[in-house]
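These notes are about the structure you will find just below.
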């Protein structure tokens, strides 16, 4: 259908999200992932507690929220997955940027499902209490390396994620998120209350919310806060852009994204209240608690906390609730990863079922090495994490190229908005966010030379080297440019007239 034919047809706004409540819970579920529960507490512990939380909140408002507001505009205006959205919003020669972002998120879906598999194993072990009294380091090594049980849990988790996506947004994803997100918050609140009743828990709480000047004025604190907020909210990945395809043309933008951003931060604070008071209460000294927090995401969650749950009164039930909450957090985010990866295939004319099966197959092949080897998993995590910031820059570029003030006046501050945004949004997108992201990438590159002693940081065969990121990211770009030629041909429908939001097209209902 041509653009003129499309505009001459009277549409009733159907399809997509059924309610604003469902949309908000889906957006919050998208942002609230494992990083809120295992990474945020660790980052807070290593960066001065309250100083980090303050910096992290400022970064939410200055960087993450402006970007996800912009993502809603692009997704709703074009009604396409990320590659097609870039094509229709700023031109065919930029389709590869959206394709690159899609490849990166598909890589994340593959290895992120491995985290779900690990957590599922720990849910089972918590129910049977089979890891209690055991060497938790040895247990985790068995789970993460060469385990057929983990591979089975990986396939189960991948199938579960795909099953939710096959049903579509309004009929399946929204309903599932309306169930699991409230359950996730209830479980976190219950476990947090138990953590606060432990003798000595107040030490962890005081540490978490006390602002120390030496950390507040440290560049490392602010850079880590930026890293946490980008990875947690998912700003600039294209995830919000994808969900925006399924939002009504006359629905709020700005307030919804503020709710998503602050909902994410509330969940992270709950995760911090669960983890830090527990660590401080069960450790012999604050220094030991901080050392445990520094042991990495996997070490903190599957080794240290698992051991603490085994030793604390009522730890069996707390362990079950904690790992169920972690699994739900991972599932709620991974649904978004899957949807983003499948949507370009739907744009090209594939049925939702066939598109989801294709992504299932890709993630199965791509994720199996991570399910079998923690080293491969760490490599994929490192490469994708670095590449995501490139996606944030691409999103800011697209918004700036179209015209931030034109977007703000005509596409963000629509009459249906409950909250209007000022010129600060344009400044953030054009100058502040890109500058901060470039500084962060430069900081990572410089720091990478000091992170691993005895490691050739430029060797692409090292699992977490600068070299491996450069080689794999370059490969993603080459593949993206090649695939984008086909995407430009296959994604024929153009819905955006440059001025108004089109209704949800038939293929996305």
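Going from the start of the chain as shown, residues are counted 1 onward.
Glycine residues also receive a Cβ, built from the backbone N, Cα and C atoms like all the rest.
Note that the coordinates shown come from a computational prediction; the quantities given were computed from them, not determined experimentally.
In TrEMBL, the annotation transmembrane segment applies to 20-38, one of the ranges 1-19, 20-38. Note on TrEMBL: of 126-145, 266-285, the range annotated with the feature transmembrane segment is 266-285. If one looks beyond the transmembrane segment (316-343) by at least 6 residues along the same chain, the residues whose Cβ comes under 8 Å of a Cβ in the stretch are 29-34, 36-38, 80-82, 102, 105-106, 108-109, 112-113, 115-116, 119-120, 122-123, 126-127, 129, 132, 157, 160-162, 164-165, 169, 173, 176-177, 180-181, 183-184, 187-188, 190-191, 194, 234, 237-239, 242-243, 245, 267, 274, 301, 305-306, 309-310, 352, 355-356, 358-359, 362-363, 508. Per-stretch counts of Cβ pairs under 8 Å to the transmembrane segment (94-120) identify 151-173 as the leading one among 50-74, 151-173, 179-201, 466-483.
Using the rule of three or more Cβ pairs under 8 Å, pairs at least 6 apart in sequence, the transmembrane segment (179-201) is in contact with the transmembrane segment (20-38). Within the chain, the transmembrane segment (355-372) has long-range Cβ neighbours (under 8 A, six or more residues past its boundaries) at 106-107, 109-111, 113-114, 117, 145-147, 150-151, 154-155, 158-159, 162, 165-166, 338, 341-343, 345-346, 380.
Away from its own ends, the transmembrane segment (424-446) comes close to residues 59, 62-63, 66-67, 69-70, 219, 223, 226-227, 230, 386, 389-390, 392-393, 396-397, 399-400, 404-405, 408, 412, 466 of its chain (Cβ-Cβ under 8 Å, at least six residues beyond either end).
Only pairs six or more apart in sequence are counted, and the transmembrane segment (50-74) with the transmembrane segment (384-403) gives three or more Cβ pairs under 8 Å, enough to call it a contact.
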